[in-house]
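Inspection log for the structure reproduced underneath, given as structure tokens.
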Amino acid sequence: MELLDKFILFAGCVAEVYMVFDFYNNFFNIRKIVKSQLVIIIISILIITLLFVVNLFGKAYLNLSLFPIILWIYVTILFDTDIGTRLIYLVISISIIVGCEFIFVILLKIPSYFVKQTSFMELTDITWQVLKMKLLTYILFTILKQVSSKSKNKLSGKIFLMYLCVPIASLCILLITYYSGVDFSDNIMIKVMMLICFCFMLIGNVLMFYAFNIYEKEVYNGIQQKSIIMKKDVELKYYIQITEVNEENKRFIHNSSNYLKVIGELAKAYKIENILEIVKELNIELENNEMKIYSGTPVLNAILSAKGLWAKKQSISFDVYVEPVIHLGNVTDSDLITILGNLLDNAIRAAASCENNKSVKVRIFMQNEGNFCVIKITNRFTGKLCKTEGGFLTTKEERGIHGIGLKSVESIVKKYNGYLNCFIEDKEFQAIVFLSL
């Protein structure tokens, strides 16, 4: 049975590496240099093989000393986080794995040779204990991921309890099988078949949660896509409104020349009452078409005017400076609306939540002899800052959904070989866009 013993040992190593990977992946992002699924699989196989070789020596002190080191190397290569946080989560992972082993040693009275790890030859004698131990370990990891506030993949409470019934039921079946007193030692074929079936049951438990997480991500991506489409529709309507405003301004300028001609003729004829009536109409039109001129780009003027009016209604100081020589090169109107619209919406909403010193500052200027256009938006904020999946800072609680706006800005900025930076300076939130023209 040496081959079966080795198989059980290898399967245990696979289970431990998978659970540690799944645990870390639930909280941290994978490094960009190992984003490829193939690279992750190759690294995991190497770590599994290394753990398997260490276990083959059958020395407890060697296993206990090298096991944390090997896992530390594994999570350091794959996951992007600081050393302190990585170490804390590794301690938690090892505590769960080793803790489950000691629980089964005590409760199930596993033979002392298993504790001492003097040999791997007798693992077939405690097959059910090994399976139960790994299943319990997986359940504890799953519960810990669910209860943690930092978890990226959490199920709703009711759904989680429903799914948890399956691994608990599987654990109960294994326990009942162990305590039933059924002896499979005389029938090797039955023993092997039982082992295979229970392994499939254990794998099925893992795949069930994995499949549901994949499904949940697909649903979430679908919601994101719908949100993006809805946002694009809003932007399109906004763009149409801006176009209509521009047309209205052209009409008003054209009519103004006619008004002035009529005023001139009436002035010659001294018809003062008629002049006053026309001026009154002219003033009404001026009030209805109030739009500040910040630059020679009509769309930029319209966006800044609209957002400035919105900020004014919420008692927010809206300070804008646009460099006179500003030019936006080949940046399309729709892209400009998306960039400025999203960033100004975020800034005004954040500033509106402040009790005092509500302010939004906009600076648009050229750099590098006119080769770069810089858009800098600064706003006051209150509350706790959160990080979106793309790494951006936001004051919005629903960062998964609201991060779409910043993602759309980043994707457009990349079209022009630029980039978006978000950071805090002097208790103010700053978003800076660099566009290569």
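Glycine is no exception: its Cβ is also placed from the backbone N, Cα and C atoms.
According to TrEMBL, the feature transmembrane segment maps to 6-24 (among others).
The transmembrane segment feature in TrEMBL is assigned to 36-54 (among others). Outside the transmembrane segment (36-54), and at least 6 residues removed from its termini, the chain residues within Cβ reach (under 8 Å) are 9-10, 13-14, 16-18, 21, 30, 62-63, 66-67, 70-71, 73-74, 77-78.
Here TrEMBL flags 60-80 (among others) as transmembrane segment. Remote same-chain partners of the transmembrane segment (60-80), defined as residues 6 or more beyond its termini with a Cβ less than 8 Å from a stretch Cβ, comprise 17, 20-21, 24-25, 28-32, 34, 40, 43-44, 47, 50-51, 54, 86-87, 89-90, 93-94, 115-118.
What TrEMBL lists as transmembrane segment is 87-108 (among others).
Look at TrEMBL and you will find 159-180 (among others) tagged as transmembrane segment.
The annotation transmembrane segment is assigned in TrEMBL to 192-212 (among others).
Per TrEMBL, the feature domain 'Sensor histidine kinase NatK-like C-terminal' maps to 335-431. This prediction places the mean pLDDT of the domain 'Sensor histidine kinase NatK-like C-terminal' (335-431) at 80.
If you look at the transmembrane segment (6-24), the same-chain residues 6 or more away from its ends with a CB under 8 A from one of its CBs are 40, 44, 47-48, 51-52, 55-56, 71, 74-75, 78-79, 89, 92-93, 97, 120, 123-124, 127, 130, 134, 137-138, 141, 144-145, 195, 199, 202, 206.
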